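The following features are taken from Swiss-Prot:
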type: BINDING; residues: C13, C49, C83; note: [4Fe-4S] cluster 1 binding site
type: BINDING; residues: C154, C158, C161; note: [4Fe-4S] cluster 2 binding site
type: DOMAIN; residues: 4-120; note: domain 'MTTase N-terminal'
type: DOMAIN; residues: 140-367; note: domain 'Radical SAM core'
type: DOMAIN; residues: 370-430; note: domain 'TRAM'
Amino acid sequence: MKGRAVYIKTFGCQMNEHDSERMLGILGTKGFIEVDEPKKADIVIFNTCAIRHKAEQKFFSSLGRVKHLKKKNPQLKIIVAGCSAQLQGEKLLNKLPYIDYIIGPDNLHVIENIIENQVSHRIFTDENPEVANINLPVKRKDCVKAWVNIIYGCNNYCTYCVVPYTRGKERSRPVDDIIKEISLLAEQGYKEVTLLGQNVNSYKDGNTNFPLLLEKVEKIEGIKRIRFITSHPKDLSKELVDVMKDYKKICEHIHLPLQAGSNKILKLMNRKYTYEEYFEKICWLREAIPDIAITSDIIVGFPQEQHEDFEKTINALKEIRFDGIFAFKFSPRLGTAAAKLDGHISEEVKAARLIEVLKLQDEITERKNKRLEGKIQEVLVEGKDEEGFTTGKTRTNKVVKIYSDIKAGEIVNVKIAKTHRHSLEGDIIST
């Protein structure tokens, strides 16, 4: 290819965000620069999400807006990557022939061959058992905090989820590769790392499980904060809780998806735990780490969710009092077991239940944040927001707007002067 400009649009989770960083890293080694508009690009990449219908609709809408660019520039390459690409590869090409290439999550490395015109076909969706051993270059969006993949794929097969079909079976990265990557990040001045996986608790390389991996990362000089996402509740162990309590770099925050408060629904979801078992683990966490922030995911309107099942989810929110949640209406995904269940809930009922869940959680979050007024929080400064204010995050992952002008990467103590539903404000008291 002669042109060397790339535009990339990312949909979905942190794994996708990091996959986009890796694609940009590959292209960067070939002299590509990232541009902010598709019309300026020689390659347009859509890194897609298939977890919900809404994410797919956003992708198709964005894709439709670049179709005309092909007529103006026949050399333009349009690449669809990510989970929708994996699920619908051939179907997408047949339906939308102006797409040039389809790349699944296990095959990001083929972008190098594509730009060098060294490929003989257009669809790259084969499962790659070696994906955990391939260390790709990364062009990171941030200079303070970084994502680091530790495990790929998922073995849980929750009935509503396409991830095992789009990202394959679990494959853990070699521990030495992870430590080497994080050590390099520390040398480059990064202060925080987030360990990524569909289920980080399943990490296993030889004798190193996830708690032992955290211990190794803790020892890397220069890294000040460690986070991880996502944890499956069934695999949350007391060993992990003890490590979180004992090691000061591990932030006091965990994202632990509940999904529903009804045992009937949890069983239909194939979550492999009961609400009582989940709540016991919440108690472990809060007993060991009293100030821990716990966030979660909730799905409303799952097939066969009766009013009493939904009420159990409402009661769970009241009992647990999460710091925040991501809540969604159930979205049937083609090929999943849940899509084939009887008793699907109407869109009207799902919408009403979602509103009720979000309203309740907003009240809980607002009250919890209010308690932080006048308290001192350690904040890692991340940069400026759209209004020009200095912003950062607490160890509990709460966004803080800081009145003073401090450079990114500094860790400061902030006295919280004002709280909002989704953010805090305050003044620096020491650096």
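Using N, Cα and C of the backbone, Cβ positions are placed for all residues, glycine too.
Overlay of Swiss-Prot feature records on the structure.
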residue	record	Cβ neighbours (10 Å)
C13	[4Fe-4S] cluster 1 binding site	19
C49	[4Fe-4S] cluster 1 binding site	21
C83	[4Fe-4S] cluster 1 binding site	27
C154	[4Fe-4S] cluster 2 binding site	23
C158	[4Fe-4S] cluster 2 binding site	21
C161	[4Fe-4S] cluster 2 binding site	21
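Taking the C-alpha positions, the distance from C154 ([4Fe-4S] cluster 2 binding site) to C83 ([4Fe-4S] cluster 1 binding site) comes to 13 Å. In this structure, the CA atom of C13 ([4Fe-4S] cluster 1 binding site) is 17 Å away from the CA atom of C158 ([4Fe-4S] cluster 2 binding site).
Between the alpha carbons (Cα) of C83 ([4Fe-4S] cluster 1 binding site) and C158 ([4Fe-4S] cluster 2 binding site) lies a span of roughly 16 Å. Residue counts of the domain 'TRAM' (370-430) by helix, strand and coil are 1 helix, 34 strand, 26 coil (DSSP-based). DSSP places the residues of the domain 'MTTase N-terminal' (4-120) in helix, strand and coil in these numbers: 60 helix, 23 strand, 34 coil.
Each of N156, Y157, Y160, V162, V163, P164, Q198 belongs to the same chain as C154, C158, C161, is absent from that list, and has a C-beta within 8 angstroms of the C-beta centroid marking the [4Fe-4S] cluster 2 site. Taking only the Cα positions, the spacing between C158 ([4Fe-4S] cluster 2 binding site) and C49 ([4Fe-4S] cluster 1 binding site) is 17 angstrom. Other than C13, C49, C83, the residues of this chain whose Cβ falls within 8 Å of the Cβ centroid of the [4Fe-4S] cluster 1 site are, in sequence order, F11, G12, M15, N16, T48, A50, I51, A55, G82, S84, T166.
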